[in-house]
Every structure is written in C-alpha cells, then in structure tokens.
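S.K.: Straight out of TrEMBL:
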type: REGION; residues: A:1-20; note: region 'Disordered'
type: COMPBIAS; residues: A:9-18; note: compositional bias 'Polar residues'
type: DOMAIN; residues: A:90-389; note: domain 'CDC20/Fizzy WD40'
type: REPEAT; residues: A:142-176; note: repeat 'WD'
type: REPEAT; residues: A:218-250; note: repeat 'WD'
type: REPEAT; residues: A:358-391; note: repeat 'WD'
C-alpha cells in the first residue's frame, strides 16, 4: 500500500492533487511521509529458556570474581595486616573432600584432632607429636569429630551412625553410642551432653554418663543436619541443615532419663537458599549467631538469637564452608569453596572485608578450627593439606614498633605451632 | 554581563537536551514493553533505577546494541525534527501478523508568540513525573491487553518526513504493519512534554471479539 502511495505521490503532478489527498486520507497514510524500519530484524534472545533455573543455581560456580589486585592473590587492609602465607602446612593424606562433614577440631588443651577417612589423628600443638586415636569400623569412615569442653574426651561420629567416645590422654575408646540411622555429619559438646546431627535430619542429645545415652531428640530439619554448635553457656544450640534451614533450640535438656523427650526449635530461619553448614556463636556477644549458606546462597547472615532478628547479611563470592568469630577482635573469619577457595576476614558490625586470602588451598577450603589462644586458625581442604594461619595476632597494645617485632618473634617461639612441615599420618 | 541577574540554576531545556530526554524515554519505554509483553524472556531483563522507580532493562547484549543503533538514528532525526512518529510493533513470529502497535507521536511544541514573555521552563522533576506515569501506564496495560501465547518478535518503525536524511543502507521503507481497522482496538495513553517536544502515546491491539 505504501508503495502504491509512493507511486501516487510521485505522480502527484499528473493527477489531481485533491484526489491524491483524499485517497491518502481514506487510506489513513499521510503523504510526504516515509515509514522506515531498521534493515536488520531484531536479534532473537540469546538466552535459552531450558534449564534456566538450574543454570541460575550453577552460575555462582562459574562467576569467579575478578582477580585480586595483588600478585599474591591476597588483599589486606592498610591498617590491618594479616600474613597471607600459612605459618605451617601439615600433610593430611586421605582427608575426605565432603562439604557436609566436620573433620577438624581443636581442644582447649591445644590438641588438634583430624579425621582422615577411617582414622582419627591427634596432633599436639605444643610438641608436634602425632598419635592415632580411633579407627572407624571396617568399610566406614569418620564423618565428624568434636572435643569436649575440657578437652579430655573426643566425640567421633561415624558414617554408619555410631557416635564414639574416646579418652584423649589414654587413646582409648570408652563407649559407642548407637541408634542413629544415617551418617553423623556434626557433633557438638556441652559439658556431659554430646549432641549429634544425623543424615536423616534428627539431632540427638547423648548424656555420655548414662547407660541409656539418648536423652532428647530434636526434630526440625527435613534434610541432613551438617552444622551444629552449642553456645558456650549451653543455653542455646544452633543447627543448620541441607534443607537450607537454621534452627535455634533451647538448650535445657529437661529431666534426665525421660526417654523419648522431644525438643522444639525456639526459632527457625529459612533465609538461606543452600545448605547451611557454617554456624558460629559470637564469644563476645552471646546473642549473636552467624550462619553461612552453601554454593548457590553464599550469603552470611548474622542473627540476634534473643529476638530472632536478622541483623546483617553479606553476600560473598562463593560457598561458605565455615565461620569463626575472633575471641579478641570484632571480626569474623569465613572460609570458602569453589571458585575462590579463600579465607575472608570481615569486620563486625560493618561487615567490611578486612582481608582476603585467595586460593588458600588448591581445592575448596572445607573445615576450620581456632586455636585455644585465639590466634591461629587451621583450615583443611580436599587438597589433603592442613594449613595454619596466624590470622589474629594476640598483641599487647601500645608497644613500639621495634618492640612489636620482638614480641612477634617471642610469640612465635612459644606459640601454638612451630615452623616446619610435618606429615600427620 | 548582567550583573544583577542571578545565574540560573538550570538552563531552559534546549533542543538537544530535549532530544536526549525523548530518546532516553523511548529506550525505557521499549524495554518496558518488550518485558511486559513477553517478547523476550524475563530472564534477559534486570532492574535499574530510573525516573525514581525501577525499570526493567534488557541485559542481552545483542538486543542492547540493536536498540542503541536504532535510537542513535532516532536521536538524529529528533534533532532535525524530521521524525513524526515512532511505532513499536509486536508481531507474531510464525504468521507475521501484527498483534500490537505501540505508537508514540512526536510533536514539536509551538513556541508562543514572540511578543509574549517566553514560558517559564518546565522543571525536570515534572517531566520525569510525566514519564513515570507513562511507563506505569504501559505496565498496567497488561491487565486489559489480550494475552499473547505465541512467540513474538518486534519491529520499530519510524515515520519521518519526506525530506529526512536517511542512511540508505540502514533504514528501508517498509509496510506500516497496521492492524486492520475492524479488528483493532485503540487505547490512548498519557503524554509527556518537554519545552520542545510533546510525546503522545497510544496502543492499538488486535481484538477479534
């Protein structure tokens, strides 16, 4: 039609102008006007709607954040420097590369317990000696370890559902507490109560003194429970699971001996969008709880456990595998999995990044534990190394610079660890 | 030179400024329509803050470039005052039948007679508010426009004057992609104006009731 009108407009001279105008009016296309379109057709959408949701979930795995500006792959604040190299490295052959397990614990007696496949090893930080404590039954593996508060006993969770109790000093098994049907992914002690988190989503309180050890059952997760931490005072227990839920439980166990007692969660949080393994209580503000989500969440939430309010949230570049509060400073350390494999140090409450050590391990950093002195953090990863990082130097304030250097050297000499590489097995 | 006169905080909007404003509006309007009418999958869009509200804008690079190229030329035409209408046609991908035409009339605001005092410049906040209303109205049209349940493509048409400078290899004369009068419903939308341009929006859609 336009073409026809173009023709008409070209031949205006030959026909009556009034006629052309009337025709144009009738056709609704004004004269002396061109209708143009761009010569190319618009592009089709490059995004492919199939599996869009799944790709959305996998995206954090591919999006490695831009490299850090420094050559060492680490960034530190001007005012706050942390060593970007581990203080020492221990060989840990056979360490299981499984996000859901908790394979490192460090006791108040400065003893580090590490589970390597079916065996548990103890490394005494003072002497550097290594000894083997338990061994899981044939065909199974150790899925979690935790020291009792006094450091005298070690709880070992087995892949088949048993919870073992070991005397650390004598390296002797005291008892086996069975009953769980799935793997024990996390353990946490409070005095004589050893709480175990099971693959079927249940949490049991075991009274280790009692013959009938199971004193309470906490049901509040529909997926495997992989994060479990008692608050220091034993009033609250926090748990995180593969169902993306964070639960906080009242720690009162009730009448001892009432078999089948069940607890209910004080509150339940569903803000995470991936498994919650990283759980940490704040030592200097007991109501604070930090929780960190897995790969497609990668977000840290800080909760006020008294009110249940979410105080802060921080998105990180990759899955959060563990969280540690500093006992001396208002700081939180988080360890991360693929793609950054990093250690990150955040200020509280600003949540600013103070420091980051990229590629702390060759594979995802899975486990971490804090030395009793609160200065050294040990991290374990699927690359079968244990690395010790002096993240929080315990220093006396107001010392001159030269003195501070001496302090550091002295600190090194009688610190929790000594230089050197040693194999733990 | 005029010592007594205070420096104006904001210059009266110029032709160039107005042109840029209109071009920008067109960009966001097109994006909003493409999103709301599902021409492109919603995953392709992300939210940006614009005009004091969130607007969904495509992040598909190819589409972004495509729109940029078009808008660049539209900008030129606006500057020379040779474009009178811009149309975004939503077309069925398979049958090529035009389903919707989003029409934006571009009018030049007549300057008042020289004898009278020039009208005070329109504050930018007011212009933005008007733009915001149009964009909101585009969003709300979803409630009455027929649901499109087939794949669609779009086409942008520019109605220019005969004398317009047209880059020959980039823009071609085309069919107006009109919807037959008997099957077309039209809804007039709000308009907005700067000191130079007045944009009137309208949507026509195929309705065979």
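Just so you know, glycine gets a Cβ as well, placed from its N, Cα and C.
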S.K.: DSSP on the repeat 'WD' (A:218-250): how many residues come out helix, how many strand, how many coil?
M.R.: 0 helix, 19 strand, 14 coil
S.K.: Mean pLDDT for the repeat 'WD' (A:358-391), rounded to an integer?
M.R.: 91
S.K.: So which residues does the repeat 'WD' (A:142-176) touch in its own chain, when a touch means Cβ under 8 Å and the partner is 6 or more beyond its ends?
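M.R.: Contacts with the repeat 'WD' (A:142-176): 100-109, 111, 113-120, 122, 131-134, 136, 182-191, 194, 196-199, 206, 208, 213.
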S.K.: Could you count the residues of the repeat 'WD' (A:142-176) that DSSP puts in helix, in strand and in coil?
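M.R.: Residue counts for the repeat 'WD' (A:142-176) by secondary structure: 0 helix, 22 strand, 13 coil.
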